[in-house]
Amino acid sequence: MGNRVSREDFEWVYTDQPHADRRREILAKYPEIKSLMKPDPNLIWIIIMMVLTQLAAFYIVKDLDWKWVIFGAYAFGSCINHSMTLGIHEIAHNAAFGNCKAMWNRWFGMFANLPIGIPYSVSFKSYHMDHHRYLGADGVDVDIPTDFEGWFFCTAFRKFIWVILQPLFYAFRPLFINPKPITYLEVINTVAQVTFDILIYYFLGIKSLVYMLAASLLGLGLHPISGHFIAEHYMFLKGHETYSYYGPLNLLTFNVGYHNEHHDFPNIPGKSLPLVRKIAAEYYDNLPHYNSWIKVLYDFVMDDTISPYSRMKRHQKGEMVLE
């Protein structure tokens, strides 16, 4: 557990990300894929039901012993809240109401944010669009760990701690890599979320509030679903920047595992990404992919060649248009 990883820097590359070229090739060969570029109305009802489910859980846990509050937060609430963050990811791509009703998606994202307890849906949208446009770009893509993370979390034990603390790094990393001015929508998001948290505490008590926050922190840390954070872009095979996952947890995560497909076609809702793979099978079947996020987490911690430095990084060329 004390061996240092062999990597001492990111994998600097001088080529463009592969997704734009593959998207052009696939659309030229299979133009019918354009018919999948439309919102998913079912997403709206799924998100509403998830919010109502957590509201019911807040009520149930208010009188439980503390041990059951924490157990429930990890065993049940964490799955709902992590899944909700991926629902917010779908909403960030305007998958709920479509591009023509962009603001409806922003308001709905704030609604979906409520049971998570921490305001982030508006900020996430801004940074996530940069992640797609400028994948791996130094000083722009905040999905890339900081140099400190790569330098410090360099043993199996430290990488294990890094996995546990993932939600904190995702929350604070943008402030160090690519800080942006606060927008009025972020203020509204924050006011709405803080008001909701206060109401939960006032009407249901501290246990419900702790359950909500613990479900988010535990669900985004050492949790099977959190394997997607690492599986998506950490370079387990040299030269491969994005990896898909085709295991059963896609059922809980809006098919976020179909990540090559998602980066190739970010305006196609998650529910249709398996169809993209089916139509253009020759483009995806031979790409390296995963079937277990748990194994990804284990390999990340135990493999001395993998660390937070295991990301492809590039100096962005030309003028950037940031969200």
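Counting begins at 1 with the first residue displayed.
Note: Cβ is positioned from N, Cα and C throughout, glycine not excepted.
Since the structure is predicted, the reported quantities are computational estimates derived from the model, not experimental observations.
Feature annotations, courtesy of Swiss-Prot:
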- G2: N-myristoyl glycine (LIPID)
- 41-61: transmembrane segment (TRANSMEM)
- 68-88: transmembrane segment (TRANSMEM)
- 89-93: motif 'Histidine box-1' (MOTIF)
- 107-127: transmembrane segment (TRANSMEM)
- 128-132: motif 'Histidine box-2' (MOTIF)
- 152-172: transmembrane segment (TRANSMEM)
- 184-204: transmembrane segment (TRANSMEM)
- 209-229: transmembrane segment (TRANSMEM)
- 259-263: motif 'Histidine box-3' (MOTIF)
- S307: phosphoserine (MOD_RES)
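Take the CB of S307 (phosphoserine) and look out to 10 A: across all protein chains shown you find 28 other CB atoms. In the three-state DSSP scheme, the residue listed as 'phosphoserine' is classed as coil. Below 8 angstroms of C-beta separation, residues 44, 47, 50-51, 54-55, 58, 80-81, 84-85, 87-89, 91-92, 96-97, 142, 171, 174, 178, 180, 183, 185-186, 188-190, 192-194, 196-197, 209, 212-213, 216, 322-323 of the same chain, each at least six residues beyond the ends of the transmembrane segment (107-127), sit close to that stretch. Tertiary neighbourhood of the transmembrane segment (184-204): same-chain residues 58-59, 62, 106, 110, 113-114, 117-123, 212, selected by CB-CB distance under 8 Å and a gap of 6+ residues from either end. Within the same chain, residues 1-5, 118, 120, 145, 216-217, 220-222, 226, 229-230, 297, 300-302, 304, 307-308 sit at least 6 positions outside the transmembrane segment (152-172) and bring their C-beta atoms closer than 8 Å to a C-beta of that stretch.
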